[in-house]
Amino acid sequence: MLPQFLLLLLYLTVSTAKTITGVFNSFDSLTWTRSVEYVYKGPETPTWTAVLGWSLNSTTADAGDTFTLIMPCVFKFITSQTSVDLTADGVSYATCDFNAGEEFTTFSSLSCTVNSVSVSYDKASGTVKLPITFNVGGTGSSVDLTDSKCFTAGKNTVTFMDGDTKISTTVDFDASPVSPSGYITSSRIIPSLNKASSLFVSPQCENGYTSGIMGFVTSQGATIDCSNINIGISKGLNDWNFPVSSESFTYTKTCSSSGIIVEYENVPAGYRPFVDAYISSENVEQYTLTYANEYTCKNGNTVVDPFTLTWWGYKNSEADSNGDIIVVTTKTVTASTTAVTTLPFNPTVDKTETIEVLQPIPTTTITTSYIGISTSYETFTATIGGTATVIVDTPYHITTTVTTFWTGSVTTTTTYSNPTGSIDTVIVQIPSPDPTTTITEFWSESFASTTTVTNPPDGTNSVIIKEPYNPTVTTTEFWSESFASTTTITNPPDGTNSVIVKEPYNPTVTTTEFWSESFASTTTVTNPPDGTNSVIIKEPYNPTVTTTEFWSESFASTTTITNPPDGTNSVIVKEPYNPTVTTTEFWSESFASTTTVTNPPDGTNSVIIKEPYNPTVTTTEFWSESFASTTTITNPPDGTNSVIVKEPYNPTVTTTEFWSESFASTTTITNPPDGTNSVIVKEPYNPTVTTTEFWSESFASTTTITNPPDGTNSVIVKEPYNPTVTTTEFWSESFASTTTITNPPDGTNSVIVKEPYNPTVTTTEFWSESFASTTTVTNPPDGTNSVIVKEPYNPTVTTTEFWSESFASTTTITNPPDGTNSVIVKEPYNPTVTTTEFWSESFASTTTITNPPDGTNSVIVKEPYNPTVTTTEFWSESFASTTTITNPPDGTNSVIIKEPYNPTVTTTEFWSESFASTTTITNPPDGTNSVIIKEPYNPTVTTTEFWSESFASTTTVTNPPDGTNSVIIKEPYNPTVTTTEFWSESFASTTTVTNPPDGTNSVIIKEPYNPTVTTTEFWSESFASTTTVTNPPDGTNSVIVKEPYNPTVTTTEFWSESFASTTTVTNPPDGTNSVIIKEPYNPTVTTTEFWSESFASTTPSVSSFESKTFYSSEAQSSLEIDSSNTFMTSISVSTASSYDESSTIVSSAFPTLHISSYSLSTSFVPPVTLPRYVNTTISSSPSFESSSMYSSVTSAVTSIDNDREVPTSTTTYLHSKLYSESISTVIQTKSSDWSLSLGNSNKPESASTVSEESLHYLSTPGPSSSEYSISFTSEKEGHVSSYVPRVSYTSSVKVSISSTMSSENGMSATHTFGISTNTIPSSTETSIKSATVTTPVSESTNTGMSIFMSTTTESKTTDITTETSVSGEVNLGSATVKVSSSEFISKGTVTRIMPTELTNSESTFTASPSFVLTSTESSVIETPATIEMSSRSSSYSVPLSKLRSEGETTRVIPTSSTATGSTVIGSPSSVSTSNESIITGSSSFVSTTAETISTRSIVTESIVAGSPSLVLTTTVLDTTETTITETSIVGESSSRSLTFKASSLSKGEITGTVTPEMSVSTSKATTGTTSEVSIKESLTTKVPTFTSTTIKPETSETQHSESRTTQIPYSETKGSQLSTANSQVSQTGSSKSSIFESAISKDESTFVSATVKSITTPAVTQYQTSLPNPAVSVSEESGKKSSIIESQTENSATQHSIYFDSIETSTLSNTLANTLVSGAMKNSETTSELTTSDKAIGFSTTTETSIPGATNSALSPSVDSGKSSMLGWSGGIVSTVSTSTRLEDSTATSSSITAANQDSLNPSTVSKYPHGSETIDNGSNGSSHSSSALASTISASHSIKFSAHQTTLSQSLISSSTKTVIASTYDGSGSVIKLHSWFYGLVTIFFLFI
């Protein structure tokens, strides 16, 4: 037993051990002590001593727990010990084993185990010293090469790891004093291998080695291990002259046990050849190596320098020192770190010691990236032998660039990383240009225009910015005047103008509303004068306190008192008085509490009074009954509760004790029922006579005879001669206990005395009296009581007798000394205690045990066990209590369990009844009680509000019963169109017309006429001009007077600042302007020249220049100007520019034009005039919105949405006396024709004009063209200008139009969405925006079977976001769809369930808006779901369900796969799935069709609709067969097939013997050679008969028993014959199985029904080819026929049978002519599936099949010659199926099915998709494809007829370059994906129709 217990203890200890971390918590020091003759402090030289601090906490560390210290780059431990203990105060708290890394791992480690200690501790800590040496290389092994890079000479950080705890210290390492240019030798002992590792590195050749010889030869006694040789070349050495890499090179080696020689050649410069090997040197004190050192450098130097070195050998005194073999093996384990262990080894038996390197499962880390801010990790574990994978998804940011000007002289770029988003900001600051005066004007265009007027050097440039009118915000204020006042504040462009209207005070009505935001909002609606202003204050909802009062009326009244914000609202509900139930509870507080719970009308109010617990007086009475009775009288609070317990009389046990008083005391203790009462009699102490004897035993004996009170007690002590030490302890009992521990002779006996309160020391003395005396000295508390016992010397023999008296008598007979005294004790008879026990027997047993006097006799009654009744109650404590009441035999035991009250969750539901219902579900303890309240539906009020978000939100607020539900719809604010009118009043009026959501609000502003401000400007003309600009209301009209420029006088001054300043003083017209230039002294050199102009000019020496636009202006107003001002319009162009002194490149990136038709005009007018510095370029383009799809090149796809024309022009002016003009214009109109006109003219100074024009047209290619582009390039060369040498503009527009194809069958989709692109400039700035798509989808599917007709689903998709990433895998076919509403068809037809959210990757569904269930009547139930559901999905599922109804077969057809891995949180149900399809890398589609017909399976579905309520839906399905079909797999796909499991089916596989036969024959003739190969394969099975039976409950009265038996083996024969003349393959086979089903009532006495099914499946396949010359016709025909015969017998003696027959035939014929192969295929398929309902009696079917234009011969099929061609064939199949069914009510039902199929096929790829649609991907030869669809009609006579409707799908493709890539996207892998043209066909349709 003890070994088993120890084994169990060991098992429990091992099984509960855990891994802890953080024990090693400090790296106190790392010091070096020189060993042997090492002369420098290198990391590899012994000995380094590491002092580490450790700490163990008893609360977290248990015996057997383990922890590990990882010591990177540590080679070994310099000690003969194998372990070290972690000790503190002499106690070993843990033992750590040394695991040296040596040549096996790149680190060493300590594997520690917590020891079991006998001392109690909270925390133990200390330090441990470890003598170590580091690994910095030494061989070419992978471990040494890795560790060779651990350290460098100088200061290093050494870090060890204990779990996540890292401890570090710094240390200085000396470099090797040996020169690295000479030869390098090294030898290092590996203790675990008992070998030395020797290294040789050839001396350095700086230019490389031509050839060389290296190696070494051992002396006698030392051997070389040729299996461990490393040869390589290292690119350099580390600071200790060890290789850091090992690369392959050309060499030959010769190795034996006595030497290794390597001959090498052609070593590149910078590399050093090396060789290392293991050397065994046991039992010798030293060994000598002779080194071969011969080499020729590439510079021609040849060195031959062999040498010899003596190494001291390694003497190992371990058990394996006698030459045992050590083998190193590698083993993969499931641990997380690498460890080294030595397997058990007995040197007397074993000859091989094995060192195992335990390596963890290798892990491959794959790093991916995405645009984001956080890094995620996903680990895919692997078993041993596999490789685990860790996918690290790292974020990267994209940038947006903001360019600003600053006062510095250089361009700076600063990147600001966004810590919370994925878009960083790059701020580019460029030097500010010359001083510029900016004039901002408003104009009527919708885009901005900037015109820069550049004055001569040292002047002030002007920038005229024309901005669209700012929106105006009108603010109305009230003042104390009686009239109105209007003030207009005009802000800069892109701002908002303000109009402040001061009106006399209107009365104001303030309305306060509450909303769901956490902040307050105030909106003021100001009406015109004499109106009433409104202030709408939106505040966060106040908390509401509802007070319910009762009044005398018979109806209810509710009064709501809404307080101001930040207050508390009150709802006063006055209700008719409800009846009140008062419940009084007790609680643990010392005060009373009263809680009133007022329920809704017609309810019952509750008053819960919590009172301090009343004291309870329990009175127990005994009565004559044999059972117990308890009566509890609970008094009101502040009273005393009474518990009257009536029990059968308990037996009484009387115990007599002694105490220190001089009188007697009797105490009666009455125990609970079924217990034993106690009577404690306390008597004065009797005198005690103690007789001590010595005997020959080695232990002591004490016998105590206690007499009744007034008697004399006797103690007979038999002791060995040992002394006794008495130890006194305290315990909780009220009496003393003495335990004597007798030790062997020569020991010390111990007496352990347990005393109440004070300890007692008992001293026994001998005296001369003849009687015993006991004296007790009682000391105060915390003292020690003394008992002095004086005993006579003689021993006493006591004899006890029983007598009839009721008291005890003691007679002592004292004999002379050396005699024996006698004590005769007479005792009254002992009381008897009867104990009743239960045992497993069925009868009763009584046993009587008689004890000595003053004892208690026992009667043990054993009874059969009583039954037990368990009662569970709730109480107010927070813990559970269990009380067991055991009654006498033949009674019933009670177990009373008191549990804390369960929490209660109240769920309110609405139902269709007009009254309320409350159901309370009380769960067992530790559960949650539920109260389900069902209320009539509340009326709903819908309120629509506007909010600041860009999307719509619907919030439903469901109020308690008898309330009103609210639906709050939050819509984005409507766009507002503001119309301003003038009127004759002196005040402003604003009228706001607010329309419903998705509309446009109107603001009509009526304003008084504006004042006028006159502004005078200068311009380059010689005459004056006046322009009147009329601004919107509340603005100021402007009159702009343009005057010729005043002459300017320029004054240049020097000042002490480091920057230049230019001040322009502009005088009124006809005056003289002044320019004052203040320049710093350096570094400006000013050269003054005279010229013919009337003004001064300063030209700075500019080394760099950069500007976003170029400008020009007239130098003088007197110069000759072209009278036409057509080209003077100021237009801006956005450019990104860079300059240097030699060239200038300007790259213009035009945004995408979002217009319908436009004209693009570019004009270049280069007039040249003196001075040469007046050069200007004016460019403009309109502004427009654009968004982007990623493009790999700077191109744009133009989208069109309206008919307005926007000109774009670029004009360059060069003023000179000789004029020349060049104009080029490109215009595109809605006719899609491009026109390009080029013209130029020379205009001499004499004003004569010679013009030459040419016109070029560029026509748009046909609509099927894949791509064309038009580029416009203009170029201007600077005129003798050193800082503007050359500027080049290039812009391009690419328009992509591709063909499309449409189908009228299957699926029709119309996508309306905006596609826009973004131009990516050289700074890789990327802007990604999303578009909104509205997709109405209508699908129609016909299966051709009467059980399924049509499904139509119309979904309104309100939000589709198409995402295109910059990098990574791109799938343009995916989208994230959120369906906000769905419309389902009416009852009686199949309901299609559209998923509420679809994603292509992992997605989370929270609070799904709806969940649809289909009942047996095919109705739709919508249940709101408030659970959180997480699903990993690769595809979406659209279940098509039609459940069982009378007279029809039930079938469930999912048309697509269902995702796996779904998890539902919040309900006990789980989601099981059956199929998964994964599509990667392409827009292909994988369709999996699973048709399931199961046998009487019960499917239960759980839906959580708002915790904790639970909705259960049970669907009963009937199925007889399972068929799985997978079709249409296009592109790269991964699919997991469905595995169908049914509990009622037996599992088994066909097994048997396969016998192959093959014969080959060849015959030669003059006509040629004929070869024949005959292959035959036979499969014969021997399947034993096996039967499976499944019994499950059917109804409340019957149960279903299903028995399936398979007993007929399956046989199959395959044969093939191949020859050069013909080939033939045949295959036959058949199988048969039977299924027996029966239903039996639960009492197994009534036979209900039985069904026998027999299934026979014969299959025949024949294939024959013939090869006549020159053409070969090949035909193939395969067929499969399945028959199912089902019969059913019921008690009513009715017979029910079903016959199922299906035929499938396919024929293939080919024609081969020369090397041209054309294919044609003929497909014939007829399927009939006919079943009936449970009530059907008879059934019959007739199938007719005809193939027009073809014969039905299997071996020689023919095709209608009029329809066959080289490109394919066409044929037709007409099938007619007629059925009739007779029901019990003699109602006849007949149906017929007619199907017609016609196919035309090219030798190209055919891809089939769901719903019968097909896609044919042809080359460039063009084709047509037609398919048929079935429509169904139902007549009133219960007949179903299917007729064929022809639908033609045609495609015409004309392209001159079919291989042109239409669009490119970047998938992150560097490849370009070519997308099929159908997608861009949709894009083209979009362009053509918007």
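For all residues, glycine too, the Cβ spot is worked out from N, Cα and C.
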Range annotated as region 'Disordered' - as stated in Swiss-Prot, picked from 664-690, 1447-1473
1447-1473
Candidates are CYS226, CYS297. Which one does Swiss-Prot pair with CYS255 through a disulfide bond?
CYS226
Sort out for me which one of CYS73, CYS112, CYS205, CYS297 has the most neighbouring CB atoms within 10 A, since those are the disulfide-bonded residues we care about.
CYS112
Taking just the CA atoms, what is the gap between CYS112 (disulfide bond) and CYS205 (disulfide bond) in Å?
49
Would you kindly give the Cα-Cα distance separating CYS73 (disulfide bond) and CYS255 (disulfide bond), rounded to the nearest Å?
31
Neighbourhood of CYS150 (disulfide bond), C-beta criterion under 8 angstroms, separation at least six
PRO43, PRO72, CYS73, PHE134, ASN135, VAL136
The most crowded of the disulfide-bonded residues CYS96, CYS226, CYS255, judged by neighbouring Cβ atoms within 10 Å of its own Cβ, is CYS96
Check for me, if you would, whether the repeat 'ALS 14' (869-900) reaches the repeat 'ALS 1' (400-431) - at least 3 Cβ pairs under 8 Å, residues 6 or more apart in sequence.
no
Should the repeat 'ALS 17' (977-1008) and the repeat 'ALS 4' (509-540) be scored as in contact, given a threshold of at least 3 Cβ pairs under 8 Å and pairs 6 or more apart?
yes
Excluding the flanking five residues on each side, which residues at least 6 beyond the ends of the repeat 'ALS 4' (509-540) place their CB within less than 8 Å of a CB in that stretch?
476, 484, 503, 562, 564-566, 945, 955, 968, 987, 989-992
On average, what pLDDT score does this prediction assign to the repeat 'ALS 12' (797-828)?
84
Using a Cβ-Cβ cut-off of under 8 Å, list the residues of the same chain that are 6+ residues beyond the ends of the repeat 'ALS 6' (581-612) and lie near it.
548, 556, 575, 636-638, 876, 916, 960-962
With DSSP as the yardstick, break the repeat 'ALS 1' (400-431) down into helix, strand and coil residue counts.
0 helix, 21 strand, 11 coil
Could you measure between CYS226 (disulfide bond) and CYS205 (disulfide bond) for me? Cα positions, answer in whole angstrom.
28
How many Å lie between the Cα of CYS297 (disulfide bond) and the Cα of CYS96 (disulfide bond)?
52
Any idea what DSSP makes of CYS112 (disulfide bond), helix, strand or coil?
strand
